[in-house]
Structures are given as C-alpha cells and as structure tokens.
Amino acid sequence: LVASTTHEPLLNDQIRPGLYSAHYLGDVATYLATAVVEFSLIGAAVMFILWKSIDNGTISCGNDAGSERVKRKHRMRVDCSSSSTGLFAGILFLIVTFISIGVHSVFTQLNNSRSAQLAFGLADLALFATSLSACTIGIYRMRMLQFLRRSHGSAEILDEILLMIGLIGELLFCCTGMLLWITKSDENDDEAGEVYVLIVYVVRLLQVLIQTVFMLVAGRLRAHSLEAKEQKPGKQIVTFLLMANVTLFFFYTFESVNASYCHKNVFGTQYIIAHTVAPLIVLYRFHSSVCLAEIWKHCYSVKTASDRAQSNY
C-alpha cells in the first residue's frame, strides 16, 4: 500500500517473500480450520459415547486374564493375502490424483482458470466413477460372506455417528452444487452451466450413498465358511476402496484450500453452505478410511468368536 501511494518501484525480491508467505499462510489456515472442525466433531462423538456408557457395568478379570489380555494387545497379526491387486489399483488411483493436482496447478500458474476448473471436474468424474464401480463390484462379491447378528458396541456406534455426520455434509454439498448449476444454467452462464458439472455431482452423490451402505453392511459380514476364508471375496475391493478414500481425503483437502470448480466466484447462501460443509466432506473420507480399515482387518479374520471375545476382555 505504501508503494502504491508513493509510486516507488520495488524489486521482485522485496515483494515476493511477503506475497508468497501470505498466500501459503492463508492456505495453511484453511487446512488447520478444517482439522479443528474434524477434531471437535470426533471429540463430541467420543464424549457422547462416554456419556451413554457411563452406567454400564464392567466385567472384572482375574490377574491371569488381565496379563493374558495385555500380552494379546501387544501382538498384532495382519493378513495381507488377497490384497496385492487392490493395493496396486489404489496406488494407480493415487498417481492419477496427483497428476490431476499437478495439471490444475500448472493451469493456475498460467492464469487459465477455465482449464484448471475443467481439470478438476474431469478428475472428480473419473475418481468418483471408479470408486462407484468398485463399491458396486464389492457389494456383489461380498454376498458370499455371512451376516453377523449382534448388538452394536460403543466403537460401532461411534463409527456410525461420524459416518452419518460426514454423509450429511456430502449430501448438502452435492445438493448445493446441483442447485447452483441449475441457477447458473437459467442465467445462461456457460462457465458454471456446463453439463459435466452436473454429471460430477450426480455420480458423486451416488458414490457416497452406495459406499455408505456398503460400509454399514460390510462391517457386519464375516468369513465363517471354509470357502469364504480361502477365497476372501471382496478383499481386493476393500483394499482398493481404502486406498481410494485416503487419496480422496488429501484431494478434498487440496480442493477445499482452493475454490471448487463450481463454487468459484459464488456468494450468498449457497457459498456459505458449500464452505460450511467442506470440513464435513473431508471428515467423511477420513472416517471412511478408518471404517474400511476395520472391515479389511476383521471381516476376513480367521479367529473364532471365542478367541475374539478373549482378546476383547
């Protein structure tokens, strides 16, 4: 401001550090604000579970049982069989995502915002379509597993609460985006009213709904039969979805720092809703990764019910 009023020229090395530091600090502040919201939601859900189970009775264990439990907790077995294809596909998914982020950054540096938004839109469409196909195949493959009928524990209730909070954020974000597209189409705005934007939101909405149903059902499935224990149907898909949701978590974080391709230069109620639920959609991908990791670990476990009960107590 001083330079503009006195008309004194400044060298590049004098102005660039301040401009770049302000830009990066602004990005970091946006990221940290998202992290604060996620931490607050997780803390509130944990406090609710503690409040809900405060009157529950506890099972006392003897010294031998307690020492056995401690020994078991210090040992962790991970069965990585039937996961190589899903892991490779997940790494490929990660590479494509980083390439799309790089393309967006290049167009942004060239001040070509239209091409940058198009790169984000096409990347979103490809990523969500791939994840939607994986969820559909996973539902079909895991039909061979047995449904476990049991009461919900504290961990399951906590997972479902956080998953529903993230799902609400995704639904609000997608519905806001579709309403914004319809509004811009009525105003004959070619940039925001392109058809691919609506397709992205529809595919994204379907992917989120189907993946949520998939995780809620798959969390109750177990491989009890000998054939299911040997073939492990759907484990490749669960591995891929785990990698995909971790990738989308970082992709959403980058996308929330930068303006979304459909919510750019938009103000008012839709702008407020889109930026308010942005931490929730990041939370959805983060907690989906946690739920899928639990499914990957427990769904195909060869431990019997008695062994699992002893390890829990």
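Including glycine, each Cβ sits where the backbone N, Cα and C put it.
Note that TrEMBL annotation is computational and uncurated.
As annotated by TrEMBL, transmembrane segment applies to 28-51 (among others).
Annotated transmembrane segment per TrEMBL: 85-107 (among others), in sequence order.
With a threshold of 8 Å between CB atoms, the same-chain residues lying at least 6 positions outside the transmembrane segment (119-140) that come near it are 93, 96-97, 100, 103-104, 107, 194, 196-197, 199-200, 203-204, 206-207, 210-211, 213-214, 217-218, 234, 237-238, 240-241, 244-245, 247-248, 251, 255, 260-262. The transmembrane segment feature in TrEMBL is assigned to 119-140 (among others).
Same-chain residues lying 6+ beyond the ends of the transmembrane segment (161-183) with a Cβ under 8 Å from its Cβ atoms: 41-42, 45, 48-49, 192-193, 197-198, 201-202, 204-205, 208-209, 212, 215-216, 260, 262-263, 266, 270, 273-274, 277-281, 283-285, 287-288, 291. What TrEMBL records for 161-183 (among others) is transmembrane segment.
Here TrEMBL flags 195-217 (among others) as transmembrane segment. Beyond the ends of the transmembrane segment (195-217), by six or more residues, the same chain brings 118, 121-122, 124-125, 128-129, 131-132, 135-136, 138-139, 147, 160, 163, 167, 170-171, 174-175, 177-178, 181, 241, 261-262, 284, 288, 291-292, 295 to within a C-beta distance below 8 angstroms of the stretch.
Annotated transmembrane segment per TrEMBL: 237-254 (among others), in sequence order.
Among the features that TrEMBL reports, transmembrane segment is placed at 266-286 (among others).
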Tertiary contacts of the transmembrane segment (237-254) (same chain, 6+ residues out, Cβ under 8 Å): 31, 34, 83, 85-87, 89-91, 93-94, 97, 101, 123, 127, 130-131, 134-135, 137-138, 141-142, 211, 214, 218, 281-282, 285-286, 288-289, 292-293, 295-296, 299
